[in-house]
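This report concerns only the one structure given below.
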Amino acid sequence: MNFTTQFKINIYKFFPFLDKSSGNLYKNFGSYSIARQLLNLRGLFFLPIIIKSMDLKSYGYYSLGLVISAFLVWFMMLGLSTGLLRFLSGVNDEKRITQDFNMVFLAVMCTSAFLLIFCFVFGKPISFIFFQTKEKVMLSIIVILFSSFEALRNVALIYYRLFDRVNFYIMAEISLNIMSIVFMIIAIYTFGTVESLFAAQAFSSFIILIVLFIKYMKIFQFTISPFYRIKDYLKFSIPIMLPTLMLTIITRFDRYIICKYFGIEVVGIYNACYSLPRLIQSALASISFIYNPMFNRLWNQGKKNELINKMKDSVNLFSFIGFPMWVGMIVIGKPIIELLSNEKVAQSSLLVIPYVGMAYMSYIIYGFGFDILSYQRKSLQGSYFAMVGAIISLSLNIIVIPKMGLLGASLSMLAAYISMSAIALYNSRKYLILEFDWNHIFLIVLSSLLMGVIVHLMHYYISNLIFLILSGVISYIILCSFFTGIFTKFGEAK
């Protein structure tokens, strides 16, 4: 057997999703992952533009606005989008899906309108809560408007996920990112204010929302379920919304503590460093996006063994994507941040990137545990675990950030996620045991570490970062294939 043939065999053993027999699952993952990464790359793209065209203070306010928006979007949705996926995955009655979707969409419209009116009435107090100053009333209103469109857009896209129209979903995401980039560039160089940046994003979300509904109205008649049925969704979704809000506290509240003790500019520095490991979170979220409807469908159909196997496959894919990204960011994260911002920001990169990246890796375990509990309609337990994490994070933020600064914020997040993951995984084992392919994970970790050593020895410069990234990817794949071949031969000999 020649080298090329053996290499292909090893690759298919280690990366089964490259096999054509896997169907469209991993094609959808790849496509949606690109769309998700475009969203985070958009943040990295605007990092140098905002910092160099405006200043770190403006980037700090922009960062706080994103924190607020992330919180508001989930509050406006009330967790109902997750309820749609949970109860309607695998349902073949298109009329029921359409009616329930319209009911949920109307409910989200009501919560969004309420918050917008509330901000108009109590502008200055809201501005102080959001940005720790009463002078940002207009920014507060625009952020709420942007959040409203984002919440409605996310619910609308759930409809296309339920009917497995992933390609249309992906095109909508890509179109949104492209429009946002264009409008934000115009806003920066025309107005040069943080308000204009959020207005540009709100306008982009609004356009996509209109397009989604034009297509929706062409396909299905507008009918709605009796509104009292919203109670069934809320019983499931409110407990799910709570951990999401708690996770927002874990991942975002530290900005407020940093702002209080170190000022808005340091918030900008922290968020700039934080933006790089968010690529890990985005990549892993793409896997969840593809797998979660399948998990719900298998559970609803009573296919427990198949569900366990699919979860095991997804853990392997999480590891395959996450570990090399984490190692690579530790090795070349500082020059990347310096290229995108300035040396002052880059000096703090190693205080943030390793710990935030590992926190996102550990959070995946919590996600599996929470999913298993939700199948048993025990999502409230998952909420309690998230509350524990939020309390740990909040307590540590208050204690360690004043003393340790950005490092304290990163370590607080890591401690919270590890605690949540351990508790959720332990409690979920009573209902479904998540299996790990430790040999596979060991090979991934070993290949990732050796890849990091290789890239580190190549003496990186800002000018050759793309070459280093490509070298890392190629060396990682070759190492995985090499170790797979060795372990296969060892197993056969044994």
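Cβ atoms here come from the backbone N, Cα and C positions, even for glycine.
For 61-85, 105-131, 137-156, 168-191, 197-217, 315-337, 349-370, 382-401, 407-426, 438-459, 465-487, the entry in TrEMBL reads transmembrane segment.
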Interface-richest range of 61-85, 137-156, 382-401, 465-487 toward the transmembrane segment (438-459), CB pairs under 8 Å: 465-487
Maximum Cβ pairs under 8 Å to the transmembrane segment (382-401) - stretch from the list 61-85, 137-156, 168-191, 197-217, 407-426: 407-426
For the transmembrane segment (137-156), distant same-chain residues with Cβ under 8 A (at least six beyond the ends): 61, 65, 68-69, 72-73, 76-77, 80-81, 84, 101, 104-105, 108-109, 111-113, 115-116, 119-120, 123-124, 126-127, 130-131, 176, 194-195, 198-199, 201-202, 205-206, 208-209, 212-213, 216
